[in-house]
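Step one of this worksheet: look at the structure below.
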């Protein structure tokens, strides 16, 4: 119970808050919402250790909860006497007292001096008690105050300790967006990024891990500024690489948009000669295109000038298939032979005679070559060098001409006119399984990882899981035999006897929920004859045809300012090879009309081509 003497204490406390100091039983120690009353001995006996809660009017504006709690806790801890807590009542308002600011400063100074006397553990314990008495709103303010204090500028500290390379290594893992933000943190961070050439390192990392970046670096020429510079060659500064990065990104985005919108620059190589009646096979790189023709020759074309720079002669029949690397060009012909040519000189260095009929396809890699033939067999060869090639094994099982083969370190995959795809073990050449589904002979396929994509004379394309043999999807749209097919991680590109090249969405095709009608992205019509072979990458499609042309569809270098329209007809005999840029309406035809039906019907399949 609070008796009369307690009432006197309340009066004295109210008087003290009005700036009137009291000496005697009540001493004014704290102001406002935290008033500590030191009671005399006789009063403490009456209270019997209880702490009465006294409530009296205070000014809401002056009542600082933080200061009040601090003062209360401070003196509660250090006082030798029982405390009486005076609670702030917001319903009672009072005008600010004069001189309160000065008094607060004096009281705060006392608190700070007391705080500094304590040990670190005592200070921590005290602050914990303060925090426990605060509201959520106060916690928010304190958290905002502490957050920057808890963060350390380690990037700036590392160089001061001679660890610049550590700071550079840490920041080198950032992506472009993060690197831009990091540059803006402070001058020291910007210096580390600049002197560490981190934009250059970011571009180099992209080039090493991304085929699009690698290809673009080579095509645009800025690969010469990456990695180790040539001795004595001046190296561009940090700003060069910082400005180069967004240009590369813009270039890639523009190219991808050209694929979607069907915009490209078309280059045409005229392969027509006195005896030519089609370009059966091709392979290309950035410097050249190597093509096999029906006139028994292999012609090599310069990519820049589009002119023939070398002709390889030796086959006595049409060149139906070929593949090359840095050392050798290997070709197969309707003369039943496989011939090896020196890639540099063009000299024929070896002739393999095994198959008894036309060699329809071949592949080689890592010291191994696989050939297939109209004689229904598959030959596996060990390649030690260009001149040392030995037959390892002959695979027999197909009941018609074997039109195409592909392989990796795990499987050899073959497709035949008998409507089947057969899978063989690469290491021991043992038969594994047969993939059934096509209704007519199979003319082409590609195999990579677990996926096999095949094209058939039933006019369809099928996607297969090689491990279980399941058909994952059937693509329909071509109106004639699907003669050539290639795929990458995004697209399938197919060419057919209907003269069309179709681009399909591979990702959607592998999704069973995708609607079939949405899978064909574009249909490309420029050839005036059957499409025999094609190859593509992220930047272009290169195709060859019965019309004696090689077409290069360039999606990277499309120039919107050049809008010349071509009729799509073959140039006159002797006309120079050319490049033109088409408007979208003249390039990608979504309709399925077949303008080549009559032309294809009048051209019979020769013995040189795959047999169904």
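Numbering starts at 1 and runs along the chain as it is shown here.
Glycine too: its Cβ is placed from the backbone N, Cα and C atoms.
Since we're looking at a predicted model, the values are computed, not measured.
As recorded in TrEMBL, the features of this protein are as follows:
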- 164-202: domain 'F-box' (DOMAIN)
- 272-311: repeat 'WD' (REPEAT)
- 312-351: repeat 'WD' (REPEAT)
- 352-391: repeat 'WD' (REPEAT)
- 395-434: repeat 'WD' (REPEAT)
- 435-474: repeat 'WD' (REPEAT)
- 475-506: repeat 'WD' (REPEAT)
- 524-554: repeat 'WD' (REPEAT)
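Contact between the repeat 'WD' (272-311) and the repeat 'WD' (524-554) holds: at least three of their C-beta pairs are under 8 Å, each pair 6 or more apart in sequence. Summed and averaged per residue, pLDDT over the repeat 'WD' (272-311) gives 93. Look at the repeat 'WD' (272-311): DSSP puts its residues at 0 helix, 21 strand, 19 coil. In terms of DSSP helix, strand and coil, the repeat 'WD' (475-506) has 1 helix, 20 strand, 11 coil.
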